[in-house]
Structures are given as C-alpha cells and as structure tokens.
Amino acid sequence: MRARQLAKKLETRHPEGLSHLELFLATEDLLPVTEEKKTWTAWSFVSFWIADSFNLNTFTIASSMIASGLNWWQAFVCVIIGYGLVGPLLVLNARPGAVHGIVFPAVNRTTFGLFGSLWPVFNRAGMACIWWGVQAWLGGECVYVLLRALWPSVTRIPNKMPASSETTSAYILSFVIYWLLSLPTIWVPIHKLKWLFAAKAVVGPIVGFALFGWSISRAGGIGPVFSQPAQLSGSALGWQMIISISSCFNNMFTLITNAPDFASRARTPSAAVWPQIIAMPIGFSVTSFLGIVIASSTVPQFGEQIWDVVKIMDKMLDTDGDSKTRAGLVFISAGFIYVQLLLNVAANSVSAGCDLTALFPRYINIRRGGYIAAIVGICMNPWLLYKSSATFGNYLGAYGVLLSCIAGPMITDYWFVRRGHMRLNDLYTVDRSGWYWYTAGIHWRGYVAYLCGFAVNAPGFIHTLAPNVSVPVGAQRIYYLSWITGTGISGLVYYLLCLLSPPPGMNRTFCEVDESAGEPRIDEIMREKYSSPREGVGLSSPSGQSGEEGDGYGYDEKAKSIGAQVHVLPSREA
C-alpha cells in the first residue's frame, strides 16, 4: 500500500484518465509540432550550428588528430571531409521532421515499430547521459586550471587516486565542483536562461580565439606551428586519416540520428536543407582549425605533443606561472566553464530528459531526466575516456557504431521504401491495421537490418573494448569505416528485406504526404486532453507550462528560446 502511495506521489503531472499506453504513445512532447510553433528560418539554422559547434569537445577531437601523428593540414583535410559528409546525411534524416513536424521518437516508430522504437530511444538517452559526463569532465578540467591560476597551492592537494585512473584528487575535486555548479542549471528551465545562452555564443568564440592567438604567440609565430612534419607515411598515414575522418562522423551521429528534433521547428522544409549542409561543416571546421593549431603549438612551446586543450592551459602554468599568465588563464578557463555549463544542460540534460520522458512518461519529466543524466555522468568515471587520445578515439568509434545502425534504416525507410508517404495517425495508435503496428508493435525488418549493420563491425568493436582480444586486421579496418559500414549495410539490408516482404505503405512514387489527412486527427484529440486539466492533475496550464507543478518547462516558452542556440532543445517541444 505504501509503495503504491509512493509511486502515486512520484508521478508527473498529466491529464487524469489517460492509460499507460496513451501516455507512452501520445505524450504532448511527441505530438506533431503545430504550425504556430514552426519558427526556425534558414538563418535560425545557420546561427544554431555556428553556436553549437563552438565547444571544448570539438577542439579536443581535432587536437587528438595531431597527437595521432598527422600534421596540421592533414588534420584539417580530415575535418573538412568528415564534417562535409555529415551534412547530407543530417539533412536526409531531418526531412520527416521538417515536412511533417514530428520528432525523433515518433519518426523512429516508422522504422522500428511503435514499441520497437524503445531501444533506439533508450540508446540515445544513454548516449546523452554518457556525453553529459564527458562534457562535465572537460568542464571540471577547466575548474582545475581556474583554481590553480588563482591558488597555485591546489597542486599540493594529496593525491589519493590510483595510478591506473590517470587523474588526481585535485582533478576529481574540480570535477565535483563543476558537477555541483551544473545542478542549478538543470533545475532552471532553459527558456529562463535564454540571455545566458545568447552570451555563450559570444563568450565561446572570444576565449577560443584568445587561446588560439596566445598559443601561436608562445610558439614563436605561425611558422614553427605549420612547419611541423607528419609523423606517419604510406598506408599508416592513409588509415590514420580515415580514422580521423571517422572521428568527425562519430562525433555527429547523435545529431544525425535526432535530426528530426530540430528540423520539426522549420518554418518551411527548405529552411532545413542548405543552411544545414553549409553552416554545420563551416562552424565545426573553423572550431576544429583552432584546436588543430593550438595542439600543433605545443611542441614549439613545451617540446612535447599535448592533445587535451585544457591540459595545454595547465602546462602553461607549469612553464610560466607569472601573474600575466595566471590572469590570462583565469579569464580563458572561466569562459570555457561558462560555455561548458550551458552547453551541457542544453545538449545533454534536456536531450536525456526528453528521451527518458518518452520511455517513462508517468514518472519522468525533463527536469528529472536531467538529474538522472547528471548522476549517470558522475558514476561513469568520464576521466577514464581521457587517459589518451587513442582511448578517446576508441570511445567515439564505439559511440558511432551504435547509432549508425539506427540512422541507416531510418533514412532508407523515408527516402527509398515509403518514399515520403506517412500516416501520422498511425504513429499514435495501436490499431493493428496501422502501418506501424507490424508484429505486436515491433518491426522485424528494422531490427534485422540493425543487427546486420552492427554485426559487420562487431569484431572491431569488441577489439576496441578489449584490446587483448585478437581480431583480423581487416575486421579492425572495417570498424574504422563504421560510419559507412554501419549506416550503409543496415540501410541496404532494410531495403532488401522490404523488397522481399513489403511493409504497409511501401511506394514506388516519391511524394511527401500524410496518407491519414482528412481522418480525425489523433494528435488534435490528444492535445485537447492535455489542454484540459482536471482536478488534482493536469499537464498543461493556460501559460503553456507542463510537467510537475513548478517544473516551469512550458512548451511555448521553450520554443521562444531556440534562438539561444541550444543543442537539441526542440527535441520534444511539440
């Protein structure tokens, strides 16, 4: 009895009378975006990608290429190719969202089924939690630099961490400080932080270019930086460049997978095409170039190659701890802390919250999901991913394998199987005659394709997680191309299975149309329920707020804060 009462108290606010199934299929978060909320213009996408690209993780991915043996121009070529190829895939997967106004969990139902979509959504929620920890560790490193610049005695904190951790007690303390600083940002709804997000788009480039210019100056000019030779040649160089291109791809697979989330806010479908193909590669390439140059400057400065951008700032204090250096690093590290705090809540807390809300709508809302991400982020020991550039690269590769096999069938289903034809009503009902019911709500073709895409990369994936397990060199190299093999093979298998056993709605003519148009709209019926709170419970208020009382996450107000350049903010603002 007490357990039942506790469970009742833990429930989020929602309309009375909705069943578990109704809450799962048609939460207000998952319904198609209404026309008045489609506010993103072409320039909105441009500004979004420019602001989103500027973060320490983008710096670090690029700088790790230098540590792997590439020189500056080879690394920059990899960056241009990698992010340049991401753009078309991103736009292809974003199209259902741009045309029909539906978000990732709903689009995913077309490929994996109403209930089969749970695994891909859980997968993405898990990745958001992991990325929360990764970005938090980078923020914690910045806290360490700030503390050391202010109080050099921080270095004398006794180290209780084992050598295998590749970190120290002082860094763990800094990480905990960052973690505590992040908790209030999760509590406050993003739309109430919109001016802080606007400032982030200014602060990030200022401190980034400041570190860029300072690194060149300390290295003795641009000449010593650009004159460093590559450490690799022949096939070793070729495969390392492929690995580096893949790291760019793997870094973006979350955005490729959840592209419908932000595309659903496009005022017109065309607004989500060319601005993304052009602005996204440019934004990430510019930021990566800064990271490449900063990493290349470490050999002239310190006589050794350092790939972690924050560790480079720490090294500056080792070699030159005068007042000017300390003051400069206080300014730069404080700026990066600010950027990381806001980036993490927008990119990962909200994303994890949205996905966990889709999985457990009765008990989790965006705020609760954000705190779950913070707990998982600290429990995953993110410092272990930064033991070396190779470890970091391995993590990115494993990350890409899991998501590429989701994106491949999604793109294939929309463009080559159903060719733009959809039934929006069938996304929100368990009618067995619906297109997306398949077999008990699970699409076997989607899962066979997913497993095939993963299987081809499995040997290399296992070797990455357990290097002592020997696998053929060919299998390792297939894994290096996981963004091609995972996406391509899963998409191809899905298409062939659909040819052999056509699913409902398979078409030969391309036409982006809702086949359920003209029928009573289930999303409108459900939206009416959400807008009519009953005594004791109720998800919506006249102001558009949703979630538990005091949650403050109003869908309408959050939509207005999109201009603050928040990563995956539109995930569930239907």
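Using N, Cα and C of the backbone, Cβ positions are placed for all residues, glycine too.
As annotated by TrEMBL, region 'Disordered' applies to 528-556.
Residues or ranges marked as transmembrane segment by TrEMBL: 72-92 (among others).
As annotated by TrEMBL, transmembrane segment applies to 98-122 (among others).
Annotation comment: TrEMBL describes 129-151 (among others) as transmembrane segment.
The annotation transmembrane segment is assigned in TrEMBL to 171-190 (among others).
The feature transmembrane segment is assigned by TrEMBL to 197-216 (among others).
According to TrEMBL, the transmembrane segment annotation covers 236-256 (among others).
For 277-299 (among others), the entry in TrEMBL reads transmembrane segment. For the transmembrane segment (277-299), same-chain residues at least 6 beyond its ends with a Cβ under 8 Å from one of its own Cβ atoms are 45-46, 49-55, 58-67, 71-72, 75-76, 79-80, 83-84, 86-88, 90-91, 208-209, 211-212, 215-216, 218-219, 224-226, 228, 248, 252, 305-307, 309, 312, 315.
What TrEMBL records for 327-347 (among others) is transmembrane segment.
Annotation source TrEMBL lists transmembrane segment at 368-386 (among others).
Residues annotated as transmembrane segment in TrEMBL: 398-417 (among others).
If you look up TrEMBL, you'll see 447-466 (among others) marked as transmembrane segment.
For 478-500 (among others), the entry in TrEMBL reads transmembrane segment. Sequence-remote contacts of a segment are chain residues at least 6 beyond its ends whose Cβ falls under 8 Å from one of its Cβ atoms, and for the transmembrane segment (478-500) they are 89, 111, 239, 242-243, 246, 249-250, 253, 397, 400-401, 404-409, 411-413, 416-417, 445-446, 448-450, 452-454, 456-457, 459-461, 463-464, 506.
Same-chain residues lying 6 or more positions outside the transmembrane segment (72-92) and placing a CB less than 8 Å from one of its CB atoms are 62, 65-66, 225-226, 228, 230, 237, 241, 244-249, 252, 255-256, 259, 272-273, 276-278, 280-281, 284-285, 288-289, 292-293, 296, 407, 411, 414-415, 487. Under 8 Å from some Cβ of the transmembrane segment (327-347) lie the Cβ atoms of residues 52, 54-56, 131-132, 135-136, 138-139, 142-143, 145-146, 149-150, 178, 181-182, 185-186, 190, 193, 196-197, 199-200, 203-204, 206-207, 210-211, 214, 310, 313, 316-317, 370, 566-569, all in the same chain and six or more residues away from its ends. When each of 197-216, 368-386, 398-417 is scored by its Cβ pairs under 8 Å to the transmembrane segment (98-122), the top-ranked stretch turns out to be 398-417.
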